[in-house]
């Protein structure tokens, strides 16, 4: 006869085998995590990644067309990079003006379909812009409308994947976001060599139409709405402990349609529910107003805002690398032609693609290692995986700076940029997942903060990054950027690994006990 300990061990083994299969036995069978097949989940993830890619592809599609667009509008080519910043400004403000708020109430799919539809006329507007001012306005609106693609997909990823693989899935989405800026100039170089610049945005229009079709055909609703009465079952874990009132935690979780993280322990209840519309905004205007302003209130949380500000600076330096590169290397002594110049951006894309492994798989394995070793799981465990890549940010920046100042072979700049994009991609997966897991029941709001700081930094850097190098030296500029990326990153990792749990608990964020 088996002992209670053997029975518990058998049950835990069964639980872990289900987790490895992508299912969570602590959730109902109709929950998206359990109801969707692995193939369907992969297809959904690919569509989400494409959406993240397309929005950033649209931003960077003009990278080697500065002279062409400037000439068409009768302005200096040096003004055209500013429109990259304007597009990112739209990214930044969109989440804070409720662009993703309906995702909490009428569902993620509704946001995807409406957002994809509205982006199509924005792309047409950019293609038909008759003047620089109109083009700038179109870029801001396009960024605003497409900002959902940066905040809502992480929530869907949290809806359909177990936490043990969430980091690697988030990193796949992040790769789409990161490699878009290096890939877009390849198309740009080919198009502006043989056609006029508006063709760039007719391509974006076609891609936007494809995005709408993919969301309509592939991505189901994943917003989980809990029913009133729980189903009691044996050998299931209790609700994770939240700091503050348990009642408040239940209300918050239910209001936002998110499942609660579990650990395998004891007997509790599975709450039945369904996917679909929770309620319409006009039915509960007061509650919807709270959801509408929730991203702004999320700014008060240190463990969400500080890593997001830091990541925004790292992202800004990557934008700077792509802005400086075409302006320096299409001129003497390099005089690289438009098509090869656009193709060279692919080196940065390769670096970003390789960074997925470090940011996703290594991050998940690091968290699992500390969970086995310590017996509990905390978001801060993921930050250990960021530490080894920090010095390479400095190396990548230095290689870019000395190449420009000392007229080194362009391959050195490409290698330095690729190395930095590798680090950026890894940091994106790690930090974005850390922010997501810090307040999983408000995942879209945490991503709104993350995207806000990322985009504000990207908006600002477009206006000063090139002049900074001209006024001092590019070596000094990139050395400063590399020092900040490495040094500040190390400080953030040290502080949050040591005190992140206490900071989150002190501020009343959801926490899982360390026992």
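Keep in mind that glycine also has a Cβ here, set from the backbone N, Cα and C atoms.
Annotations in TrEMBL come from automatic prediction, not curation.
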Correct range for transmembrane segment (source TrEMBL, candidates 273-294, 383-404): 383-404
Stated TrEMBL location of transmembrane segment, expressed as one of 173-193, 236-256: 173-193
Folded-back contacts onto the transmembrane segment (308-327), same chain, C-beta under 8 angstroms, at least six residues removed: 60, 63-64, 66, 78, 81, 84, 88, 178, 181-182, 185, 341, 344-345, 348, 393, 397, 400, 404, 413, 417, 420-421, 423-424, 427-428, 431-432, 435, 449-450, 452-458, 460-462, 465-466, 469, 474, 481-482, 484-485, 488-489, 492
Contact call for the transmembrane segment (42-66) against the transmembrane segment (173-193), three or more Cβ pairs under 8 Å: yes
For the transmembrane segment (199-219), distant same-chain residues with Cβ under 8 A (at least six beyond the ends): 43-44, 47-48, 50-51, 54, 57-58, 61-62, 65, 108-109, 112-113, 116-117, 119-120, 123-124, 126-127, 156, 187-188, 191-192
Contact between the transmembrane segment (478-498) and the transmembrane segment (383-404) (3 or more Cβ pairs under 8 Å, separation 6+): yes
